[in-house]
Amino acid sequence: MFTLNKIYAWSLTQYQRVVMLDVDNLFLRAPDELFQCGQFCAAFINPCIFHTGLFVLQPSNETFSIMMHDISIGKENKDGADQGFLVNHFNDLLDQPLFHPPADGSRLTGLFRLPLGYQMDASFFYLKLKWRIPCGPNSVITFPSVPMLKPWYWWSWPTLPLGLLWHEKRVATIGFMVETPILIAESLLYIIIMLLALIIRQKCASSEKSSMARISCFGRGPCAEKSLYRPWSIKVIILGLVTGSFLLPAFTIPTTVHPFMGWGVFLLGSFSLLTLVINVFQLPALAVLTPWLGGIGALLTLGSPIYTNGIMRGVGIGVYTAMTTPFLWWAAKRVSGVVDVKAHWEPLMAWTSLRSEPASEILMKLC
């Protein structure tokens with residue numbers, strides 16, 4: 001219901017011109033010449049439908065009254081929002097001339113189409129990884145993507161490389177002073193968690209040494225095979241903890257921080273939580289950290305500046321995915337195998353000593 005609030009801009013009759021902007025516009029220059037445009041001006045991203053992320057209007061009580069009347073009677077609206085309503089109201093804009101600002105600074109009258117340079121769709125950039133907008137000055141980038149990939153979210157980069165431009169503008173204006181203390185506190189917490197994991201590992205190591213003195217042979221003591229629990233339940237728990245090690249940092253990081261700051265704290269947080277899982281369950285470190293290492297590789301692959309166009313970037317992502325899939329499968333099998341051994345032998349002995357060799361062989365060596 002609130003998307004139609006843009007209509008109230010026509011009631012601002014104390015101004016001669018109003019430039020209406022969506023929040024996902026990124027200015028590359030100051031387009032002050034827009035105030036010279038006519039009664040209504042908008043750019044066509046779609047060849048036949050103009051985009052209402054940026055438009056120029058001349059406030060008018062008469063126009064405002066007509067629009068309010070159309071809304072009250074439920075006039076046809078293709079999308080139920082401002083886009084569909086304004087396209088229906090100014091249905092002849094496609095036939096109007098292209099806007100060229102007068103050199104003398106005077107204001108035009110009538111309707112005009114804005115050059116595409118005033119609403120450069122970010123998706124145009126990703127095909128060539130460069131701008132090629134010949135008509136009009138390259139002035140404003142718009143990001144009409146899905147809401148969760150808007151440029152102000154730290155996770156939108158490097159999937160959408162143009163997000164860095166947004167954060168560069170923010171650094172030059174309001175900065176990140178609000179989010180920085182939160183990131184510092186989270187980083188200190190994750191460092192404490194890693195220290196806790198090291199303490200757990202040392203205690204387990206000392207317990208292993210004392211337990212080795214009590215090891216005896218086939219069925220005559222602590223070496224005896226026994227089923228302590230169901231392996232699948234432990235596998236589910238470990239899978240949940242590993243997944244949570246990635247989700248918890250992602251949800252606790254402020255959403256609008258700089259991508260470098262966000263991804264840095266995310267990697268630190270997920271690494272610290274994974275080390276805790278590794279040491280609590282005595283899992284093979286490399287296997288558990290394989291998804292984390294794969295994530296770093298994905299960031300480097302997506303954010304690499306070597307690509308000449310979007311097609312090559314897509315090929316690079318596909319090749320990287322194909323190369324990393326076997327490693328992820330190996331890691332899953334490796335952790336699953338350790339859990340299977342753990343399920344049938346004494347916890348400390350099996351969890352540490354029976355990692356790479358069959359249980360019977362290790363048992364013979366120990367006995």
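Note: Cβ is positioned from N, Cα and C throughout, glycine not excepted.
Feature transmembrane segment, per TrEMBL, maps to range 236-254 of the set 160-178, 236-254.
TrEMBL assigns the feature transmembrane segment to one of the listed ranges (120-140, 204-224, 288-308), namely 288-308. Using the rule of three or more Cβ pairs under 8 Å, pairs at least 6 apart in sequence, the transmembrane segment (182-200) is in contact with the transmembrane segment (260-281). Here the transmembrane segment (236-254) has long-range neighbours at 154-155, 178-179, 182-183, 186, 190, 262, 265-266, 268-270, 273-274, 276-277, 281, 283, 288, 291-292, 295, 335, 339, meaning same-chain residues at least 6 beyond its ends whose C-beta is under 8 angstroms from one of its own.
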